[in-house]
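The following features are taken from TrEMBL:
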type	residues	note
DOMAIN	56-179	domain 'Heparan-alpha-glucosaminide N-acetyltransferase catalytic'
TRANSMEM	97-115	transmembrane segment
TRANSMEM	127-146	transmembrane segment
TRANSMEM	166-184	transmembrane segment
TRANSMEM	204-222	transmembrane segment
TRANSMEM	308-325	transmembrane segment
TRANSMEM	337-357	transmembrane segment
TRANSMEM	363-385	transmembrane segment
TRANSMEM	405-425	transmembrane segment
Amino acid sequence: MGGSYELVRTDDAAGGQHALDLEAGRCAAVYPKGLAAGGVITPPSAPPSPAPARQRLVSLDVFRGTTVLLMILVDDAGAFLPAINHSPWDGVTIADFVMPFFLFIVGVALALAYKRVPNKLEATRKAILRALKLFCVGLVLQGGFFHGVRSLTFGVDMQNIRLMGILQRIAIAYVVTALCEIWLKGDDDIDSGFDLLKRNRYQLFIGLIVTITYMAFLYGTYVSDWEYQISVPGSTEKSFFVKCGVRGDTGPGCNAVGMIDRTILGIQHLYSRPVYARSKQCSMNSPQNGPLRPDAPSWCQAPFDPEGLLSSVMAIVTCLIGLQYGHKHNERIMKWLIPSFSMLILAFSLDFFGMHMNKPLYTVSYTLATAGAAGLLFAGIYTLVDMYGHRRPTVVMEWMGTHALMIYVLIACNILPIFIHGFYWRDPKNNILRLIGIGA
């Protein structure tokens with residue numbers, strides 16, 4: 001490409017005989033080295049026109065919209081099509097790519113948002129504030145405040161509120177990645193791939209430290225025996241004892257990810273419908289939900305948060321990888337394809353040698369596989385939409401991408417169906433949703 005296609009128009013973008021001075025907010029004309037009579041440079045015949053508005057990266061909106069559509073698809077159809085539902089434990093399905101794709105997109109968007117940072121302290125303050133707002137929205141949407149489409153009640157006991165969730169994880173990854181881009185981005189000129197690594201060496205170092213820290217906790221933390229209680233119909237509570245006494249276990253019952261969440265957050269603040277309840281050890285209808293097997297392990301009904309603390313540490317790495325894809329550089333397609341394929345090869349190699357891809361734990365192999373897939377998909381969409389201008393086939397995805405948070409809140413979190421459900425005729429069962437089959 002030779003750098004002829006820019007993610008966002010900048011003041012150093014090629015523009016024929018006129019370069020955009022976005023700092024001054026006007027077009028600065030660049031004239032040939034000819035002198036008029038009397039040795040005076042010939043002035044322009046017309047006053048400079050205002051600079052055009054900075055263009056959006058359409059392919060990023062399309063990628064975000066595609067991910068939103070995929071999220072809605074797996075949420076609604078996953079219960080009927082196990083192949084696209086979340087994997088019960090090891091392995092990945094289509095649904096397991098949704099969260100990493102969102103995190104990757106956040107990283108790319110941050111690189112574009114912080115191309116220039118005139119006031120680092122102010123940018124830091126705004127980034128922290130945005131992250132806090134996003135975290136609070138996540139608490140309301142996924143903390144248990146809303147009781148489902150068929151329930152007209154709401155409210156949550158703060159002693160049992162779910163503390164982590166999708167938006168909370170994105171908020172954590174967002175603020176860490178934003179701070180890295182604000183404070184640790186280099187200013188070196190880029191002429192080669194090595195220069196790109198040199199410029200972003202501090203951010204890459206942070207990603208390496210985060211990965212090493214995660215692995216140290218995952219494989220080095222001793223998990224002792226533990227127990228939990230759940231409410232059972234016909235009785236108050238039933239206790240279960242989980243025997244562990246191991247270090248480095250990556251199974252559902254004795255891993256460090258769950259232990260850290262139970263210790264720091266409290267088991268009552270975790271997700272109460274664990275994905276491993278659909279595993280072969282637990283469900284008679286695996287990989288779907290079903291009756292508990294008679295010989296099911298004691299951990300099958302234990303709360304486990306798929307967006308927990310330690311697993312969210314590796315989510316930061318996904319966001320940092322997306323950040324590197326968003327940085328401006330020449331021959332970007334090759335610089336996207338090479339690391340994407342490299343991450344996929346490394347991911348499958350790690351999986352082959354025992355470090356399995358696992359979304360609930362957010363393992364290193366899972367991080368690399370999903371980030372590599374995101375890089376390939378982003379490169380393909382960028383080539384189709386921004387290089388060759390084929391926007392018409394993707395106009396719906398583009399619209400969904402520019403309204404992603406609204407769609408997530410209204411559709412994926414069932415806020416719109418709950419709102420509609422609140423209008424009924426005489427009996428709550430007589431509502432619009434029942435007529436169209438959703439509330440039946």
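Each residue, glycine too, has its Cβ placed from N, Cα and C.
Below 8 angstroms of C-beta separation, residues 90-92, 193, 250, 321, 324, 363-369, 371-373, 375-376, 379 of the same chain, each at least six residues beyond the ends of the transmembrane segment (337-357), sit close to that stretch. As a summary of secondary structure, the domain 'Heparan-alpha-glucosaminide N-acetyltransferase catalytic' (56-179) carries 80 helix, 4 strand, 40 coil according to DSSP. Long-range contacts of the transmembrane segment (308-325) within the same chain, counting only residues at least 6 positions beyond its ends with a Cβ under 8 Å from a Cβ of the stretch, are 99-100, 103-108, 110-111, 164, 168-170, 172-174, 176-177, 180-181, 200, 203-204, 206-207, 210-211, 213-214, 217-218, 256-258, 260-261, 264-265, 270, 336, 339, 343, 360-364, 366-367, 370-371, 374-375, 378. Note on the transmembrane segment (405-425): residues 68, 71-72, 75, 137, 141-142, 146, 148-150, 152, 431-433, 438-439 of its chain, located 6 or more positions outside it, place their CB under 8 angstroms from a CB of the stretch. For the domain 'Heparan-alpha-glucosaminide N-acetyltransferase catalytic' (56-179), the model's pLDDT averages out at 91.
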